[in-house]
Amino acid sequence: MGGRVFLVFLAFCVWLTLPGAETQDSRGCARWCPQDSSCVNATACRCNPGFSSFSEIITTPMETCDDINECATLSKVSCGKFSDCWNTEGSYDCVCSPGYEPVSGAKTFKNESENTCQDVDECQQNPRLCKSYGTCVNTLGSYTCQCLPGFKLKPEDPKLCTDVNECTSGQNPCHSSTHCLNNVGSYQCRCRPGWQPIPGSPNGPNNTVCEDVDECSSGQHQCDSSTVCFNTVGSYSCRCRPGWKPRHGIPNNQKDTVCEDMTFSTWTPPPGVHSQTLSRFFDKVQDLGRDYKPGLANNTIQSILQALDELLEAPGDLETLPRLQQHCVASHLLDGLEDVLRGLSKNLSNGLLNFSYPAGTELSLEVQKQVDRSVTLRQNQAVMQLDWNQAQKSGDPGPSVVGLVSIPGMGKLLAEAPLVLEPEKQMLLHETHQGLLQDGSPILLSDVISAFLSNNDTQNLSSPVTFTFSHRSVIPRQKVLCVFWEHGQNGCGHWATTGCSTIGTRDTSTICRCTHLSSFAVLMAHYDVQEEDPVLTVITYMGLSVSLLCLLLAALTFLLCKAIQNTSTSLHLQLSLCLFLAHLLFLVAIDQTGHKVLCSIIAGTLHYLYLATLTWMLLEALYLFLTARNLTVVNYSSINRFMKKLMFPVGYGVPAVTVAISAASRPHLYGTPSRCWLQPEKGFIWGFLGPVCAIFSVNLVLFLVTLWILKNRLSSLNSEVSTLRNTRMLAFKATAQLFILGCTWCLGILQVGPAARVMAYLFTIINSLQGVFIFLVYCLLSQQVREQYGKWSKGIRKLKTESEMHTLSSSAKADTSKPSTVN
């Protein structure tokens with residue numbers, strides 16, 4: 001059915017074309033030619049010029065004529081230079097490129113021969129094409145704007161010129177003594193305020209060179225008459241004259257500084273002290289203050305020191321005052337003298353001054369402008385050395401002052417003054433000393449000295465000051481301390497050591513280093529030095545050597561004796577190994593204090609090994625308790641399983657965690673000056689003593705409970721001999737274990753008081769022979785071990801006999817092999 005419809009439709013289309021064909025045939029041209037084509041005949045068409053089709057002759061109405069792009073790259077059309085080809089429908093045009101125009105006047109042309117294009121001068125057509133500070137410059141086909149010198153094109157607007165800031169762009173060649181001043185399109189090199197051009201130099205061009213104006217010598221300053229003009233680079237300052245100080249609220253070293261006379265520092269008697277001698281001294285001081293003139297500062301200083309020297313040489317009724325009041329008077333004199341000398345010394349001329357007086361009082365002063373060096377002041381009994389930069393107060397332009405006054409007579413008023421030590425230093429002293437004697441106070445060995453600077457902020461110096469004291473001989477078995485006088489809130493004070501350390505001491509001299517300034521001295525404190533007992537040393541080394549041998553034999557026994565290997569011997573083996581390593585390291589490395597890092601590592605290792613030893617002691621006690629409990633409750637296999645899971649993580653893990661925490665918190669406290677062990681400062685030693693006390697306490701409780709269980713067991717037993725003997729052996733081992741593994745550490749902690757020496761001997765003897773006791777109890781007293789020793793002994797003798805027989809047999813064979821000799 002579909003095929004029939006298609007045939008009918010095709011026949012209908014043919015029928016429709018027949019009239020046209022008849023018409024074309026009648027004219028001789030095809031009516032179906034496509035657009036932009038021309039008829040050739042009744043059956044063919046051809047595209048018009050400027051168009052093309054798939055074939056040159058079109059024979060079907062389905063073909064089309066398309067425009068030819070004559071301006072395409074492969075086209076033969078050539079418009080010539082300065083022109084562009086423009087394609088049109090069926091043709092093309094040549095036009096001049098932008099910026100060019102034809103001379104002939106025709107706007108389009110067809111080929112290069114008709115090309116008359118030439119450049120258009122846009123700058124001539126529009127002279128204002130470029131904006132301010134720009135000049136139009138014609139180019140082929142276009143133009144550019146060139147900026148005047150000192151200007152540059154703005155990137156976002158190529159017709160606009162903006163000013164170049166030569167001062168910030170680094171393009172100016174101004175001399176370092178000048179200041180660059182930017183102008184529109186240019187710059188100037190001008191002298192700064194307080195500067196002027198050198199002779200022959202202009203002021204403005206780039207070759208300007210300037211020099212500082214000395215306002216002080218030229219009279220251009222405005223300093224007040226109470227000040228002195230000081231020229232500075234590019235400016236000047238006004239400083240107070242010697243003996244003057246800035247008025248209240250007005251800073252010194254400014255152009256508007258105004259000064260007034262510096263009055264004598266107020267120095268009055270201490271309140272609550274009644275002494276005619278002291279009153280006469282302060283009357284002299286008040287008279288000196290009323291008559292004080294800045295130009296007479298040198299004389300005033302000498303008069304004050306003379307009066308103080310006389311006061312301390314003959315203190316009179318001051319010696320009858322209670323000790324506390326004498327200390328208060330001394331504190332008041334030291335504090336006031338420092339303030340007065342600091343103020344008066346600022347009025348002295350630059351240089352080094354030394355004063356000495358009959359009773360031994362000395363003053364050394366150095367006044368200088370600030371310099372970058374160290375300063376050393378020397379006296380008969382003391383030397384002070386410090387960095388000169390410490391003397392200058394920030395913002396104070398005046399001269400720097402360093403002073404050292406030695407007052408030997410002050411020791412009379414400071415007799416029996418208390419000494420207050422820092423807690424850390426107190427603990428450190430107790431490590432090497434028995435402690436302060438109950439019936440003695442510190443003895444003043446050296447003169448009392450007082451150091452002062454023009455800078456009164458000396459509580460925390462950026463670099464320490466060093467003192468070298470000469471003093472009388474030190475009594476043997478005493479401790480020498482570098483101290484300073486710390487003023488109390490009640491007007492008195494005490495000796496202290498905060499911020500001061502003893503660098504070194506000999507029989508008659510001591511070097512001290514402090515981070516602050518005050519009044520200083522050297523004390524001889526009544527400490528009994530803990531000298532090393534040679535007998536204890538011999539006992540320690542001999543006992544530990546024997547213990548090492550016994551521990552090695554015990555460890556080999558626990559490893560090689562198959563008959564006794566169980567959970568108990570595993571505990572014994574780990575305990576023996578830890579104790580062996582700890583004792584060995586103690587013997588060879590406890591005194592290796594020369595290298596701090598190595599000593600710290602040794603101390604940390606000893607800490608771990610002894611903690612591990614203690615932990616295995618605890619596991620031994622726990623296992624002994626569980627074994628005793630097993631006498632009444634049959635669960636031996638569960639005890640073994642429990643101990644096997646527990647013992648290694650606890651035995652080695654707990655000490656490792658403890659040492660790791662200690663090392664992470666305070667690693668610098670591993671290693672002491674005398675041995676590679678834990679320092680007592682800040683309670684660090686309790687990282688070892690704490691576990692010792694805890695384990696000893698737990699072991700004691702377990703021991704008592706074990707004895708109670710054994711007591712009940714013994715009372716319930718019948719007369720069966722073997723059971724009774726085994727139970728008694730267990731009780732004996734329990735008692736021996738407490739004595740060997742717990743009692744020794746308890747004795748070490750109890751080395752205090754009158755019985756300290758006895759405890760030290762007991763601790764040393766028992767602890768050094770600990771390995772011997774372990775070998776005795778766990779090896780020699782064990783029947784199975786003795787039997788194994790017997791087997792090993794027989795085997796060794798048998799091997800020895802066989803070796804001897806083999807040797808004899810070899811000798812006999814050698815003799816028979818020799819030829820006989822006939823005489």
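Don't overthink the numbers, they just go from 1 along the chain as shown.
Cβ atoms here come from the backbone N, Cα and C positions, even for glycine.
Swiss-Prot marks one residue of N456, N635 with the annotation N-linked glycosylation site, and that residue is N456.
Between C65 and the candidates C45, C47, C85, Swiss-Prot records the disulphide pairing with C47. Candidates considered were C85, C94; Swiss-Prot assigns the disulfide partner of C71 as C85. Relative to the membrane, Q222 and R713 are recorded by Swiss-Prot on opposite sides. Among C223, C259, the one Swiss-Prot lists as the disulfide partner of C238 is C223. Between C161 and the candidates C147, C167, C174, Swiss-Prot records a disulfide bond only with C147. Classification of C167 (disulfide bond) by DSSP places it within a helix. For C210 (disulfide bond), the number of other Cβ atoms no farther than 10 Å from its own Cβ, over all displayed protein chains, is 23. Checking Cα-Cα distances from C145 (disulfide bond) against the disulfide-bonded residues (C85, C180, C482) with a 10 Å cut-off leaves nothing; none qualify. C29 (disulfide bond): 17 other CB atoms within 10 A of its CB, across all protein chains. Taking the Cβ of C229 (disulfide bond) as reference, residues of its chain lying under 8 Å away and at least six apart in sequence are, in sequence order, E215, C216, H221, C223, Y236, S237, C238.
In this structure the alpha carbons, written CA, of C191 (disulfide bond) and C96 (disulfide bond) are 59 Å apart.
Cβ environment of C79 (disulfide bond): C85, C94, F109, N111, E112, N115 lie under 8 Å away, each six or more residues apart in the same chain.
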